[in-house]
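What TrEMBL says about this protein:
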COMPBIAS  255-269  compositional bias 'Basic and acidic residues'
DOMAIN    34-105  domain 'PDZ'
REGION    251-274  region 'Disordered'
REGION    301-322  region 'Disordered'
Amino acid sequence: MVVEDEAKKKRSLERFKPYMNNHALPRAAFDNLTVDLLPDKDEKLGFSILRELVVKVNPNSVAGGKVKVGDLILSVNGKADNVKAAMVALSKSGKEGKLEIARLRTRFVLPVTAAAQLPNLMEGFEYSRIVLYFLKGLPVGLTLVAIEEKVYVDHVDPDSSSAMTFGQGDCILEVEGVRVTSVAQVNDYFKQLAAKSSWATMLCEAPDCDMTRNMIRNRINAARDAPPPDLGLPPDVIEFLKSAKIGAKTPTPILKEDKEKKDSKEKKDKAKRAVHFEDKSLWTPTPVDGDMKLLVKPAPIRNAAAEGAPVQKTTEQKTTDK
């Protein structure tokens, strides 16, 4: 088993050389993996290769999350001679396939004891030794920004060699053991190392929680020196905005209403809303007719004696009876 693993490692080293300017990689620089894919019949696998190197991956495909940019396809279902033809056959068959790949190792987290010896250690961050590989057929795809003498990763293209290594908010502290404080300094080191060894080793400071990650992203957004986003305005509007001057007069409205008509209309509306009272009030006496009958008939007077009820006598009546 050990002899077989050593043979795979040696074969992977030889297959990587054409993409690394014929520079030999260390044996610990990559891992050999086996990936299972089960595409539907005539379904695309979802990744593109340059000879044997994966240069583009569709995250919403069968290969999404399994195959990554920078992977080297060593064999498909045991066939290592013509990898591209074997992939086409796998896509058309609709059967399960096994891909043997070599994946580069890019991030090595420092132990707590080693990280504690670093100067200016900050809480809430993780410190790692990372490796950026300059592979033929893959762009670097990295945008950096300098904030307070620290170089941060602003943007990473998904189909690039930097996507194997960096994430937004990562801070590059050192390149090959040398402290860096500007974007130009990092770019100069990258150019030298791309021609010398085809990889660069760096010390990276990365946020290890959402709070610090959002804090760093807000600082990057505030310091970003980028043109405003394209809003997709029509060409005539863009020309008008370019020719417009600050402090210019407000443009004349297209539908201009006559001022006299507007004033007369306002007066009429005001007159309609107003309430007018006359100074003199006219009083007309109403004639009274003596023969007018009441419309409401009064109720008859009740007679208690007629109804048979006992009649209470007053004091005067009681004195007369005596």
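Every residue gets a Cβ built from N, Cα and C, even glycine.
As the structure is a computational prediction, the values presented were derived from the model and not from experiment.
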Helix-strand-coil residue split for the domain 'PDZ' (34-105), DSSP-based:
11 helix, 27 strand, 34 coil
Calculate the per-residue pLDDT averaged over the domain 'PDZ' (34-105) and state the result as an integer.
85
